[in-house]
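Colleague: I have a structure I would like to understand better, so I am pasting it below and will then ask my questions one at a time.
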Amino acid sequence: MRLFPILRNVDKFRTVFDFGGRDVAHWFPGHMAKGLKQMKASLKSVDCVVEIHDARIPFSGRNPLFQNSLDVRPHILVLNKMDLADLSNKQKILKKLARDGVKNVLFTDCLKQIDSSIKKLVPMVLEILENKPRYNRDENIDYCMMVIGVPNVGKSSLINALRRTNMKKGRASRVGGEPGITKAVLTKIQVNERPKMFLLDTPGVLPPKIESVETGMKLALCGTILDHLVGEDIIADYLLYSLNRLRKFSYVEKYELLEPSDDIQHVLKRIAVKLGKTQRVTALTGVGNVTVTVPNYTAAAYDFIRVFRKGELGQVILD
């Protein structure tokens, strides 16, 4: 019975997000030149560059320095975390990437124990290299790929998935749920037996300048940088705005709200109460100090962001 009022209210929600004059430069302190320099130095031993990016933002946030500096080798774009992305418009995504010159695209879920997409990577690399010069590597019988990408998009997970799928081996590269796990270019890691193929893991490298604050916010929402650099409160508000814009209202049921809301304070208060995330503070009054219990908005914002990143609020494409 509440369906019509809910839809009517949704039509009044924000259509533009107010970033409040925020400066994206403060979120991305440096372009990690050392990592890029190491990658360039390793190119002489690389046949193919595999760029991995978050499938929820297939266009936003890819580092242009990769194309400018590393595009001397054949290139594959792996859009990882496909289980979290709404791929109903997959063909539109592929067509737009093709217009941008990206033709070799693979969607993966590298944390999945058995991912049929992972099996396609080695044959794709071999097919691309079949008609490409191998420069000073013609005499080598083994192949070497370099995996690149911005932080926390699943580079190490890709390596481990390839070893698990192709070699039935355990993980060789450390993974984690926050950016910055891989600190330096590593030694070769074997990811296939026949033909023998190796892969170089690399640190996540952010561009020296993000094209817009909104692009930076999409990267932050997908966890490519530490939350506190942007602020959990602003990330949570942008998440609410994005879910409403995409008509993804699963957060209403998840947190037992009465209806969709465009007010982040109202949503976070409800989350805090539902999860018991409250804190006691002292209020100064004219008749003395009073201890009151208030919602812990930061803890609620963290939970809201966390469940989104786990896919519990539905599959989305933020671009």
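Just so you know, glycine gets a Cβ as well, placed from its N, Cα and C.
According to TrEMBL, the protein carries these features:
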DOMAIN    33-208  domain 'CP-type G'
BINDING   Asn80, Lys81, Met82, Asp83, Asn152, Val153, Gly154, Lys155, Ser156, Ser157, Gly204  GTP binding site
Colleague: Looking only at Asn80, Lys81, Met82, Asp83, Asn152, Val153, Gly154, Lys155, Ser156, Ser157, Gly204, which the record lists for GTP, tell me the maximum pairwise CA distance in angstrom.
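Modeller: If we measure all Cα pairs in Asn80, Lys81, Met82, Asp83, Asn152, Val153, Gly154, Lys155, Ser156, Ser157, Gly204, the largest is 22 Å.
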Colleague: At a 10 Å cut-off from the C-beta of Ser156 (GTP binding site), count the other C-beta atoms across all protein chains.
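Modeller: Taking all protein chains shown, Ser156 (GTP binding site) has 25 Cβ neighbours within 10 Å.
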Colleague: Hey, what's the Cβ neighbour count for Gly204 (GTP binding site) at 10 Å?
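Modeller: Other Cβ atoms within 10 Å of Gly204 (GTP binding site): 23.
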Colleague: What are the non-local neighbours of Met82 (GTP binding site), defined as same-chain residues 6+ apart in sequence with CB under 8 A from its CB?
Modeller: Ala55, Phe107, Thr108, Asp109, Ser117
Colleague: Long-range same-chain neighbours of Asn80 (GTP binding site), Cβ under 8 Å, sequence gap at least 6?
Modeller: Ile52, His53, Asp54, Ala55, Thr108, Asp109, Cys110, Val153, Gly154, Ser157, Leu158
Colleague: Counting every protein chain present, what is the number of Cβ atoms, excluding its own, within 10 Å of the Cβ of Gly154 (GTP binding site)?
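Modeller: Other Cβ atoms found within 10 Å: 24.
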Colleague: Please work out the number of neighbouring Cβ atoms within 10 Å of the Cβ of Asn152 (GTP binding site), leaving out its own Cβ.
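Modeller: Result for Asn152 (GTP binding site): 25 other Cβ atoms within 10 Å.
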